[in-house]
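Taken straight from TrEMBL:
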type: BINDING; residues: G13, A14, G15, N16, M17, G18, D36, E96, K101, S123, N147, K279; note: NAD(+) binding site
type: DOMAIN; residues: 8-183; note: domain '3-hydroxyacyl-CoA dehydrogenase NAD binding'
type: DOMAIN; residues: 191-287; note: domain '3-hydroxyacyl-CoA dehydrogenase C-terminal'
type: SITE; residues: H144; note: site 'Important for catalytic activity'
Amino acid sequence: MKVDDIKKICVIGAGNMGHQIALCAALAGYQVSCTDISLEMLSKAEGFARSYFPERVTKGKLTQEQADLGMKNISFTQNLERAAGDADFVIEAAVEKIDIKRKLFADLDRITPPHAILATNSSFIVSSKIADATKRPDRVCNMHFFNPALVMKLVEVVQGPHTSMETVQVTMDLCKKMGKSGAWLKKEIYGFLVNRILAALHHEAQFLADMGIATPEEIDMAVTNALGHPMGPFRLMDFTGIDLAYYIGIERYQETRDPKDKPSPLIVEKFAKGEWGRKTKKGFYSYE
Ligand code: CAA
């Protein structure tokens, strides 16, 4: 299979990541079906698409033709079989729970054409934990986008021991077609490249806040003003989801048994209160 054989892409999950990945693919000229079990998420995603395209035209970032084509290329459905049945490439961006992903991949293996590549956008579950739920592990890999996916240029393509070179090549070529820079990781490693680097920064920021050395706001101010990051670590966690930071910490600790990998007391507290960042309108900051 070659990248030019891809005509239809199915994106599973219409949440934070999925709806924007779907738009990236539609803008790159692919027919895209975005599916989710939640009707509410799907209508939110469709609403976003309906306002995003005209806004980009008004801003002069897209021509009317590009916007019309983008909108025409994308559809939203709750029906997994309809979304994935004729897909050449699937990008799974569902909830970060391994059992759900394994069940999804087993279903996708049954539903999709045999040539289809099944990629997961998971931030921390390596595809070898999922690939054996299918009969095509050679066609399974990680394809990890960053938030907001419409803006961030990097995509990590992680090759598992089961992933064929052809799958890596097609996925890297697809990144390019979608206007992204693919980073090819030749081996699976927890956190991939970027989240490992971010984890070091976040770990230190949380330690400083937990010790009462400075507030999250002050630490964010220090990082943006001294290092030139567009967002400090606490605002970024609000943006990507404190629930995600919590799950990543739990998973990481289970893997390493290193206490420093456990979610910090601050994250545990925010998680327990349901203050998960922008998606719940409150995290380290308020978004009312
Ligand atoms: N969705 C889509 N587009 C968005 C957006 C969103 N939520 N927020 C901003 N944009 C776009 C705007 O439309 C604008 O585009 P143009 O310049 O083409 O018109 C551009 O981004 C800049 O937007 P703004 O001027 O409104 O705001 P900003 O300059 O403050 O940028 C930001 C917003 C792009 C989010 C910027 O703050 C940023 O880059 N933050 C850091 C994001 C980051 O680090 N992401 C990686 C997170 S880690 C991760 O994703 C790992 C994981 O596993 C989940």
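Easy rule for this one: first residue shown is 1, then count along the chain.
Keep in mind that glycine also has a Cβ here, set from the backbone N, Cα and C atoms.
All TrEMBL annotations are machine predictions without curation.
Around the Cβ of M17 (NAD(+) binding site), a 10 Å sphere holds 25 further Cβ atoms from the protein chains shown. Among the binding-site residues G13, G15, D36, K101, N147, residues whose Cβ is positioned under 6 Å from ligand 1 are identified as N147. Cα separation, D36 (NAD(+) binding site) to H144 (site 'Important for catalytic activity'), rounded: 19 Å. Most buried of the recorded positions K101, H144, judged by other Cβ atoms within 10 Å, is H144. Of the listed binding-site residues G13, G15, the Cβ environment within 10 Å is emptiest of other Cβ atoms at G15.
Comment: NAD(+) site residues G13, A14, G15, N16, M17, G18, D36, E96, K101, S123, N147, K279; largest CA to CA distance 22 Å, whole number. Across the residues of the domain '3-hydroxyacyl-CoA dehydrogenase NAD binding' (8-183), the predicted structure has a mean pLDDT of 97.
When other Cβ atoms within 10 Å of the Cβ of N147 (NAD(+) binding site) are tallied across all protein chains shown, the result is 16. DSSP places the residues of the domain '3-hydroxyacyl-CoA dehydrogenase C-terminal' (191-287) in helix, strand and coil in these numbers: 66 helix, 3 strand, 28 coil. Secondary structure from DSSP puts H144 (site 'Important for catalytic activity') in a beta strand.
Counting every protein chain shown, 25 other Cβ atoms lie within 10 Å of the Cβ of D36 (NAD(+) binding site). Straight-line distance linking the Cα atoms of M17 (NAD(+) binding site) and H144 (site 'Important for catalytic activity'), rounded to a whole number, equals 10 Å.
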